[in-house]
Amino acid sequence: MKEVEINLGSRAYKIIIGGGELERAGGQVAGLFGGSKALLVTNPIVGALFAERVTASLKQAGIEAVVAEIPDGEEYKTLQSAEMLYDRAFSAGLDRHCPVLALGGGVVGDLAGFVAATYMRGVPFVQLPTTLLAQVDSSVGGKVAVNHPRGKNIIGAFYQPALVLTDPVTLHTLDNGEILSGLAEVIKYGIISDSAFFDWLEANIERVLALESDAIIHVIERSCLNKARVVEDDETEQGNRAILNLGHTVGHAIEAIAGYGRYRHGEAVSIGTAVAARLAVELGVLQASEEIRIKNLLLRTGLPVDVPKDLATVDMVRSMYGDKKNFGGQINYVLPTGIGKAVVYKNMPEERIKLALDSLRL
Ligand SMILES: NC(=O)c1ccc[n+]([C@@H]2O[C@H](COP(=O)([O-])OP(=O)(O)OC[C@H]3O[C@@H](n4cnc5c(N)ncnc54)[C@H](O)[C@@H]3O)[C@@H](O)[C@H]2O)c1
Ligand SMILES: O=C(O)C(=O)C[C@@H](O)[C@H](O)[C@H](O)COP(=O)(O)O
Ligand SMILES: [Zn+2]
């Protein structure tokens, strides 16, 4: 079992990583909050696989689980789904001491976290992430949100969980495409802040893809440590936290204009990372050899690096103007400046983005 601490003063919490954590959820939750009821948010796929072991553990600890399933898919990370969850919580008589538990991937985690942040002005929140992406990224750091048709995560909050229980055993039922999607965020940490981890990924990516237990646990722990250090310094993204957004300016534009659910989040981020590396070389802040290393690792992992032909450059750039990193109508852009280093480049000229997008068309 591994533990990563997120040091955020009164909002500090632990990420506990180990086989069997779902079965131990009841004891952990009871120890933190007391209370007799909890809202367990999941979806039909994850619920069928894992809800029973969580509800049984809660029951043993004297907590009744009120299970609420939202339909599966990014297209359900909406205010309408949140409203359904508020209804369920209210009808079940949940008060502001009853925790919300998110059992699933990033969609369930972001949505359940948004509900936890807003139901009765905030109730305790616990993440039980079951995808690689959620275990290495979305369950950590407190960004919770729902999508708007015109932009990803446009309606949201910063709301930290009180605990993250990560069971890597859950990854064995996950589709391979979802593993790759999570690896896009993993590679991101190597690029933005951890060159030794990037080197390790280059040497061990086959072991990771084969889900070798020690390699996967290393990936989860090292990713969480990297994210924790960035979030501790800048919890609400006033500055450097934005480096966690490498690849997301283009990634979010792809997700929004293709229609939520057509591209997995990590696939879109991978394409966005390739575009960011291209732009960085064009601007002279990244060496061409480093761009090649970044692209090669993404390709060896099995991730896409080409901009889809059917998504028009003009539509993508229009969507980027709605990005949350922007200021005063100007596009701020995360660029890698080496392996293990990144900056937020202010006021990126639109023409440069268009050229980079067009040079990476399929
Ligand atoms: N809050 C953050 O900091 C943050 C960070 C990164 C991504 N995100 C968000 O996370 C979302 C993407 O999350 P995701 O990649 O986990 O996608 P997801 O939640 O849609 O899960 C992917 C698929 O895997 C299924 N699934 C989940 N666990 C499973 C398991 N153990 N076995 C079998 N199937 C399982 C789900 O039902 C779904 O079909 C996006 O909305 C993205 O914006 C948020
Ligand atoms: O935690 C962060 O900060 C991130 O940027 C992590 C991203 O991987 C994640 O996709 C996040 O939800 C994007 O945030 P947004 O502010 O661009 O919506
Ligand atoms: Zn992301």
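Numbering starts at 1 and runs along the chain as displayed.
The backbone N, Cα and C atoms fix where each Cβ goes, and this holds for glycine too.
Unlike curated records, TrEMBL annotations are generated automatically.
The Zn(2+) site recorded in TrEMBL comprises His248, His265 together with one of Glu185, Glu202, Glu206, Glu212, namely Glu185. Here the domain '3-dehydroquinate synthase N-terminal' (69-179) returns a mean pLDDT of 97 for the predicted model. In this structure, the CA atom of His265 (Zn(2+) binding site) is 9 Å away from the CA atom of Gly106 (NAD(+) binding site). Neighbour list (His248 (Zn(2+) binding site), Cβ cut-off 8 Å, at least 6 residues apart, same chain): Val269, Gly272, Asp323, Val334. Helix, strand and coil residue tallies for the domain '3-dehydroquinate synthase C-terminal' (182-326), in that order: 105 helix, 1 strand, 39 coil [DSSP].
Those residues of the chain, other than Glu185, His248, His265, with a C-beta within 8 angstroms of the mean position of the Zn(2+) site C-beta atoms are Leu133, Asp137, Ala184, Lys188, Gly247, Gly251, Gly266, Ala268, Val269. A distance of 20 Å separates the Cα atom of Thr173 (NAD(+) binding site) from that of Glu185 (Zn(2+) binding site).
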